[in-house]
Amino acid sequence: MTNKDNTVEDLEQFIAPPAAENLNLEARNLDFYYGTHQTLFNVSLPVERNKITALIGPSGCGKSTLLRILNRIYALYPQQYAVGRVLLDGKDILTDHDTLTRLKERGDNVTLDPLGDDISQIRARIGMVFQKPTPFPMSIYDNVAYGVRLHFNKSRQELDHIVERSLHRAALWDEVKDKLKESGLSLSGGQQQRLCVARGLAVEPEVLLLDEPASALDPVSTARLEETLMELKKDLSIVIVTHNLQQAARISDYTGFMYLGNMIEFCSTDRLFARPKTRRARDYLTGRFG
Ligand SMILES: Nc1ncnc2c1ncn2[C@@H]1O[C@H](COP(=O)(O)OP(=O)(O)OP(=O)(O)O)[C@@H](O)[C@H]1O
């Protein structure tokens with residue numbers, strides 16, 4: 001990042017990320033490869049606790065790829081690998097053998113502080129909601145209880161309580177409370193997406209990652225989902241990929257603008273939308289390309 005055209009104030013605002021003690025999750029200097037094809041280049045992203053962080057940028061710039069690294073979901077796919085660090089509450093979560101080898105090869109001289117290598121625990125702490133609603137072919141109740149049954153040993157009564165609370169938090173309870181035994185697939189698209197949010201919340205994650213969660217929703221469902229996210233950030237940290245700039249402006253506290261696999265700008269949403277620092281971000285925000 002060059003700074004010769006910027007005032008000190010500009011630079012300070014750009015480089016003043018959330019304070020270290022407020023970080024819930026942090027990506028540092030990530031490179032990412034699909035086979036031999038590198039798609040992320042030295043990308044860093046701070047995620048502040050109890051805030052919403054939006055990722056924006058033109059199609060193919062690497063937003064979803066970055067999100068998929070943050071809870072190590074990419075590791076389910078062969079030939080995909082990340083080099084760099086992801087810290088959850090200051091502890092490294094990319095600690096598999098391949099990543100360590102590649103960090104060394106890249107010349108990073110760091111001592112990792114591993115969180116532990118239980119991937120299912122990491123994914124329980126960092127939940128993910130995908131672009132298309134993905135309810136499981138089972139009842140509404142079982143959809144929400146699914147992860148809890150997988151990770152914890154709860155009584156039926158506790159499970160009932162968790163399901164109800166999660167559906168409340170996802171703003172879906174009133175619509176489904178009388179039909180918990182019906183299939184999750186019987187709900188509308190917007191309800192299915194909130195069911196997926198409820199399923200993610202049931203395991204009490206600290207961070208929720210959302211990949212264009214409203215792209216298949218009508219404006220009313222989108223507004224409901226946005227309200228839900230604004231409410232949820234009181235309890236957890238949220239990272240959302242969105243193509244909808246108004247949505248990013250409405251709900252996020254911080255925004256990262258990506259282009260061709262690079263994090264071009266990262267700062268407070270107000271600042272980015274009011275005074276983008278780079279021409280690329282300005283052009284994107286004013287609809288000149290995208
Ligand atoms: N499974 C894959 N194999 C190979 N290349 C991939 C794969 N998935 C994505 N890519 C490439 O990685 C780059 C980043 O893709 P990514 O999906 O992260 O971008 P994005 O910003 O989320 O795009 P969009 O907004 O269209 O969803 C693109 O060049 C894409 O073609």
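Cβ coordinates are placed from backbone N, Cα and C, and glycine is handled just like the others.
For GLY57 (ATP binding site), the same-chain residues lying six or more positions away in sequence with a CB closer than 8 A to its CB are LYS63, PHE257, MET258, TYR259, ILE264, TYR284. In the three-state DSSP scheme, GLY57 (ATP binding site) falls into the coil class. Under the heading ATP binding site, Swiss-Prot lists GLY57, PRO58, SER59, GLY60, CYS61, GLY62, LYS63, SER64, citing sequence analysis as support.
Taken from Swiss-Prot, the feature domain 'ABC transporter' covers 25-285.
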Protein Cβ atoms within 10 Å of GLY62 (ATP binding site), excluding its own: 22
Shell of the ATP site beyond GLY57, PRO58, SER59, GLY60, CYS61, GLY62, LYS63, SER64, same chain only (C-beta within 8 angstroms of their C-beta centre): MET258, TYR259
Sparsest-packed among the binding-site residues, when each Cβ's other Cβ atoms within 10 Å are tallied, from SER59, SER64: SER59
Neighbour-count leader, CB within 10 A, binding-site residues: PRO58, CYS61: CYS61
Binding-site residues compared (GLY60, LYS63) - the one with the fewest other Cβ atoms within 10 Å: GLY60
